[in-house]
Amino acid sequence: MAKNRRDRNSWGGFSEKTYEWSSEEEEPVKKAGPVQVLIVKDDHSFELDETALNRILLSEAVRDKEVVAVSVAGAFRKGKSFLMDFMLRYMYNQESVDWVGDYNEPLTGFSWRGGSERETTGIQIWSEIFLINKPDGKKVAVLLMDTQGTFDSQSTLRDSATVFALSTMISSIQVYNLSQNVQEDDLQHLQLFTEYGRLAMEETFLKPFQSLIFLVRDWSFPYEFSYGADGGAKFLEKRLKVSGNQHEELQNVRKHIHSCFTNISCFLLPHPGLKVATNPNFDGKLKEIDDEFIKNLKILIPWLLSPESLDIKEINGNKITCRGLVEYFKAYIKIYQGEELPHPKSMLQATAEANNLAAVATAKDTYNKKMEEICGGDKPFLAPNDLQTKHLQLKEESVKLFRGVKKMGGEEFSRRYLQQLESEIDELYIQYIKHNDSKNIFHAARTPATLFVVIFITYVIAGVTGFIGLDIIASLCNMIMGLTLITLCTWAYIRYSGEYRELGAVIDQVAAALWDQGSTNEALYKLYSAAATHRHLYHQAFPTPKSESTEQSEKKKM
């Protein structure tokens, strides 16, 4: 059930409001205001308020309308919420020429204040979705979204990256709010955050994000580039230009930004004045703001939000409705709640890791080269004790080399990389032991020698037991001798042809058990284990005839 009522809005004008009553609860919809939909918890995990999100985006009036999502993101305490409230004034008073309101009226809407501490946390959206007619007659839903500032004293880099990336993924117009200039670190942070967002999205040949607007606040060089969009376009063209004389790192940052966004633009906005910056009781009254700022603000907001400027949200080329945006919101937050994505790292941490990994690689390479000189491919067999002595000596030298390299991060940070180096060197040593053993002629002849001994022993036992009348034992020994002879021939064929290498490894394992242990029980146990592990190889080498397998299955049934 719907009722119309004429109300005074927050900006002094009258507007027709339609209040909806559900069939269950005859209560009017609450007054519009900011609603936090993404909550950053104390343990730096993220929670989506699905109830609030559904209530706003799935209302009957907007859920099937194509959506335009406008977001403002950037460093904390740079006036993002202050700007969002002027956007609200425009959206509520679009038809009025003097939409900025009365000069004595305080600025309300999204929570904001002066000072050095953060105000907004997580992501907030305005609870009222604005229905706007575009020039082609299509009615779209406009969603305004305010975000937590990056790099405040209570947020990790992952917090900042997640909030920025998520707002960029959800929005169709992302305003990157910057102070005074576009510096190289601003571009590098943008590269990091957008890449963090792109990782969470499905791969596509299209650019993953839509419109990016660099909003440079407190611009102090209008004599170089004038205030507004034209000056901003010339300024941004110079800042994002890729030239051959640039360092590769600088080129990659600019190429990455161009590859992520369909449209990139810039607006240069003057400083709002000293009263705004220094007055602790400033409440947003226009009379305290410089005229130059207000003049350009009146250009900026319509430039962003006029019907012809609105970009409908698209994902993979498909236009998204409010209903669809809810599903994408849920899907994206699940990715950031999990551990699938790598955690972004600070420049110090990333540099320290690279520094330590480079030291590990250098030390390991030194060990490798010296071990190759001692027992490499063309070197003769080395006694195992001598090889172990050399290994321990070179390992100590490699560890000393690692410790001698100047590394970032400190001793505690480097300790796990030292453990990694020692572990990798031990693994290399095992490979060198195997390689060295393969050069030992006695080691190479171990398997055939063992099999010959088994054949000889079973031959003698068969002869003796046959002579004294123990025919059963003699027959058993003859059978073992025959199987061993077949095994020897099979092993020789494998060595010659290179086929059935896994079966050859089984034969070597059994021979090694007989050679090293000298225990029949141990040998039989290894034979059983090897046979169980490589059963498929036995069937491949000695296939059972079809008729025989059928008879066996019938006997089992009997």
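Any Cβ shown, glycine's included, is placed from N, Cα and C.
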Of 20-47, 244-271, 272-299, 412-439, the range Swiss-Prot labels coiled coil: 412-439
Among S10, S116, S153, S243, residue that the record in Swiss-Prot marks as phosphoserine: S10
Length of the line joining the Cα atoms of N279 (GDP binding site) and K395 (N6-acetyllysine), in Å: 65
Sparsest-packed among the binding-site residues, when each Cβ's other Cβ atoms within 10 Å are tallied, from S81, Q148, N279: N279
Secondary structure of V276 (GTP binding site) (DSSP, helix/strand/coil): helix
Protein Cβ atoms within 10 Å of K395 (N6-acetyllysine), excluding its own: 19
Residue numbers, six or more beyond the limits of the transmembrane segment (472-492), whose CB comes under 8 Å of its CB atoms: 447-448, 451-452, 454-455, 458-459, 461-463, 465-466, 500, 503-504, 507-508, 541
Listed in sequence order, residues with CB under 8 A of D218 (GDP binding site) and six or more positions away: S179, Q180, L269, P270, H271
Beyond the flanks of the coiled coil (412-439) by 6 or more, those residues with Cβ under 8 Å of it: 352, 356-357, 359-360, 363-364, 367-368, 371, 375, 377, 380-382, 384, 387, 391, 395, 398-399, 402-403
Of R217, V276 (the binding-site residues), the residue whose Cβ has the fewest other Cβ atoms within 10 Å: V276
